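Below is one structure, written out as structure tokens; comments come after it.
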Amino acid sequence: MRKTFLAGNWKMHYTSAEASIVAKKIATEVKTLKDDVVIMITPPFTALSKVSECIKGSNILLGAQNMSYMESGARTSEISPSMLLEFGVEYVILGHSECRLYLAETDEIINKKILAGLKHPFKYLILCVGETLDERDSGKTLEVVLNQVKKGLNCVSESDIQRIILAYEPVWAIGTGKTATKEEAEEVHKAIRLEITKLYSKSASDNIIIQYGGSVNSNNVKELMNEPNIDGALIGGASLKAESFLSIINNVL
């Protein structure tokens, strides 16, 4: 049975002090969790050190929102895998739609980041995929998403696929208040899982975690998680307040 992974993505919100307050509240409340539920929080780079201290000894995983595929060099503003590991980062979100849009990250660049991350001892790398509203309206959802999956996982071995989490985030549902229906989300998740079977094996497909992201909140999370191919959520706005994130967690337990 696959575990449920609930990851909060705090994006460009909170100073170190503000992030620490929220992290402490969450860590205090999730001391006792079922073994099949994993909680993850992803603060801004500048808050990683403080948040790492706040959740030390808890069962919360610390994540980063992006990283360079280079280990060092002339890459102004970027951060390397080794730098993240120094802060105790255990997973990295890669290929988020906002990075694809605002930072012009291509599937090829994202794949380089995936392969670079696999050379380091991160527990997980989260590969985000998703279609725009125009692509959905044109009936290209599965074509776009599965192409992103294939390109993102290029040259990833079957032994390494167990460290990959896939996150389906329809671009039109991120930060808009719109959410894919459980049927729409399940259709894409099912197709992604089938694609993993084709690319790797039935065993890899059965074990890979596929999260849903896109305006997830305490009101819709349970019905989404009840779908057979949805294994968790990548949560943006609703993870910024400890109370709302904890409400989501409690609704899944």
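Here the Cβ of each residue, glycine as well, is placed from N, Cα and C on the backbone.
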Candidate sharing the substrate site with ASN9, TRP10, LYS11, GLY175, GLY236, GLY237 (per Swiss-Prot), from SER201, SER203, SER215: SER215
Candidates ASN9, SER215: member of the binding-site residues with the richest Cβ shell (10 Å): ASN9
Integer Å distance between the CA atoms belonging to HIS96 (active site, electrophile) and GLU169 (active site, proton acceptor): 8
CB-centroid shell, 8 A cutoff, substrate site ASN9, TRP10, LYS11, GLY175, SER215, GLY236, GLY237, site residues removed: ILE174, ILE235, ALA238, SER239, LEU240
